[in-house]
């Protein structure tokens, strides 16, 4: 039986068709989604898929590649979008190579901040034709060359703050003809080259936190006629004659153009004062002011100028997807949160991430409105730039702040320097809550009540230099949470309590130089971001790293000079810390005071091994100063000393603060010292030589004795000289007197030894008691040939003696009056002569040579006296005849050893030996060249005693 299929109902058919349609729709949606994603990825590029998130808004793509650890740009690819912002901050880029951005033609904003970029090679920015903003902040750039920014012809905003730039070449910005905003704050610029901004239409320039001392008008300021905002704070301005042109130029521009203050750093007499409050006479007191005045022409109108509000209301530049528009206000320099360095001037971030509008334009003004209320003893003016009242009460002999009547209404700046204020009370500043600057320098403040500044919550600068403050405590700075600059130099501070600076977390500059500090408590700088610290001229011997130095992580300047640093093991940690500082951070040298081997030496030039032989075991953190007891101050400080506005003594005058000596004066002083040293050395040399010669002369004089010369009556030996060629006079005992014979200088009678004085009974010829032996001690050194009677008789048999006449007594020598006293008072009494001898023949030497006795046996008074025939001459030693003309002397003394005494009249025949010896031919006397004295033998019947006394000869002591 045939059965039929059940019929399909209409309902089922509709259900089937609907199911099929849903499947097709789902498949189409999935396919469309896949195709859309693929198209999107292909449209933005690989950089948005793998490396960085991308966001499109208002037709601009923002590519966020921040903090991705990117080392090289080759790790990413350019996005495929017409206009985009590329954010590469917080990476590890250290160098930009040529043509690295050649494919990034769509970039309008490029963030390269917070990298480690040290160099930008020529052509690195080629391809960035559409770039309008470039951020290079927080890198390590040191130089901006002429070709650094080639290819950035459309650049309008350039930020290169927080680098180490010290040199900018003259044409570095020459091709940036559209540049309007230039941020160069917090670098190491000490000057700007001429014509740097000649072709740059700058409207905003930030030069804060550099090392600028001058800004010349010619070549620099004259090209900045379009500037509407200028920031020059935190530079060491030298308020001298050269700054008059800057003062004139600032007076000629809009009142609102200068944001902040130009505060004088030098000279010391103007330290801490605003340039607009210093007169030209104070800037240039001794020169013609007109030579330095360079007034630019006043702009006709301010049309097109964009005026800004003060720095306190400026916004921070941040990354944004908004398109850059010229009418919008450019942002200020930024700082990444992970960077320790901060802005010197506080800047409040804007609520939105875009650009804030410029403030409304104001009419060009050159005079400030008249202030409403001002204390009677002070002068006041209103500053339009910050809408604050400046109260100037300097040098008004004010003894108390309460004397200021009427009270100024909400002053912005108060100058109370050079007064007699001794105490700061808690009620002194109750009505000054808006105070931004308070200058109490160079007063007599020794006491500040606790929380005296508690109401000054907006105070940024506080000057307490040049007072008598001895101790710092946390209560002293209570309420100063906005304080950025604190000047405490030239006080008597000996102690800083722990936590003193906790109430001032925003402190950036701290001057503690020229105090009596010897230690710093642990954690004293905890929580601070100090940029500049001055500890010069204190009593520090070392500073611990742990708890003190290691907390100074944001420093851009520190001064440790002129402290008695003890360069031993305790300072090794500080040395290592100093060596890790970047170039330019340490202001001056760190000179060792002890130990002596390192004195006046820079600590950095000494190896750690020399400072501490076992420095590897030394802990980097030296003992904390809390354990060091601060002794009483060693130097007395006179309370009546007046200090000038810098805190230095007022007696120093304009240049009193300069401790260095001018180079010309130093060179002249060194030259004078050198010349004096030469003269002193020459004088000492001459003195030493004279003393040496005197000592030698004294030694010679002690070995000399005076011997009197005398004339002896004698007869000339016969013969005319014999065959020997040497004439010997033959003595005749009878016959006519012969004329005087002139003997040579070496005749024996000119050589009279000292003991001849004993032939006379005059006491002047006697030897002094106790020196009878010493007088003849050196006789053997003369080596004079002598012979006894016994030897002569053996050599030649004398002729039979003639009849001897009656012997005449020996002649008595007479002294001139005063001769005895003269001999007693002087050792050198007669011209000095040298005695030369010739070695005698060995067969003529006497066997009786003795150092303790004088010549013996020379002329023995024997009984066998004989005469020598006429014409017969002895070969060497002629014997004296026993004639009346010959004298035989019998000594009346006995020559003994040193322990014996002389006794006249001794009976021993040995003692009757005469002291006169026969003349050896080898003995002669040579007079000195300075004196000439020829002794002549005279043939007289009686001796000439006056001539005997005049002709004296000095011989070496025997």
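Each residue, glycine too, has its Cβ placed from N, Cα and C.
Annotation comment: Swiss-Prot describes 797-812 as compositional bias 'Pro residues'.
Here Swiss-Prot flags 235-286 as domain 'LRRCT 1'. DSSP labels the residues of the domain 'LRRCT 1' (235-286) in these numbers: 22 helix, 9 strand, 21 coil.
Marked as domain 'LRRNT' by Swiss-Prot: 365-407.
Under the heading domain 'LRRCT 2', Swiss-Prot lists 563-614. A mean pLDDT of 90 is what the model gives for the domain 'LRRCT 2' (563-614).
Annotation source Swiss-Prot lists repeat 'LRR 1' at 82-103. Below 8 angstroms of C-beta separation, residues 59-73, 109-128, 130, 135, 319-321, 323, 336, 338 of the same chain, each at least six residues beyond the ends of the repeat 'LRR 1' (82-103), sit close to that stretch.
Annotation source Swiss-Prot lists repeat 'LRR 2' at 106-127. Among residues of the same chain six or more beyond the repeat 'LRR 2' (106-127), those with a C-beta under 8 A of the stretch's C-beta atoms are 60, 66, 78-79, 81-100, 133-142, 145, 147-152, 159, 319, 323-324, 334, 336, 338-339.
Panel annotation: around the repeat 'LRR 3' (130-151), residues 83, 89, 105-120, 122-123, 157-176, 183, 317, 324, 333-336, 339, 341 of the same chain, lying at least six beyond its termini, place a Cβ under 8 Å from a Cβ of the stretch. According to Swiss-Prot, the feature repeat 'LRR 3' maps to 130-151.
Helix, strand and coil counts under DSSP for the repeat 'LRR 4' (154-175) come to 0 helix, 5 strand, 17 coil. As annotated by Swiss-Prot, repeat 'LRR 4' applies to 154-175.
What Swiss-Prot records for 178-199 is repeat 'LRR 5'. Long-range contacts of the repeat 'LRR 5' (178-199) within its own chain (CB-CB distance under 8 A, at least 6 residues past either end) are made by residues 137, 153-166, 168-170, 172, 205-216, 218-220, 223-224, 231, 326, 330, 332-333, 341, 343-344, 556, 584.
Feature annotation from Swiss-Prot assigns repeat 'LRR 6' to 201-222.
Across the repeat 'LRR 7' (410-431), DSSP classifies residues as 0 helix, 7 strand, 15 coil. Look at Swiss-Prot and you will find 410-431 tagged as repeat 'LRR 7'.
Residues or ranges marked as repeat 'LRR 8' by Swiss-Prot: 434-455.
Residues or ranges marked as repeat 'LRR 9' in Swiss-Prot: 458-479.
Under DSSP, the residues of the repeat 'LRR 10' (482-503) split into helix, strand and coil as follows: 0 helix, 5 strand, 17 coil. Feature annotation from Swiss-Prot assigns repeat 'LRR 10' to 482-503.
Summarising the annotation, Swiss-Prot assigns repeat 'LRR 11' to 506-527.
Residues annotated as repeat 'LRR 12' in Swiss-Prot: 529-550.
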Outside the repeat 'LRR 6' (201-222), six or more residues from its ends: residues with CB under 8 Å to it: 161, 177-192, 194-195, 228-238, 242-243, 245-246, 248-249, 260, 265-266, 294, 296, 305-306, 308, 330, 332-333, 344-345, 531, 556
Three-state composition of the repeat 'LRR 6' (201-222), taking helix and strand from DSSP: 2 helix, 3 strand, 17 coil
Per-state residue totals over the repeat 'LRR 2' (106-127) - DSSP helix, strand, coil: 0 helix, 7 strand, 15 coil
The repeat 'LRR 8' (434-455) - residue tally per DSSP class, helix then strand then coil: 0 helix, 5 strand, 17 coil
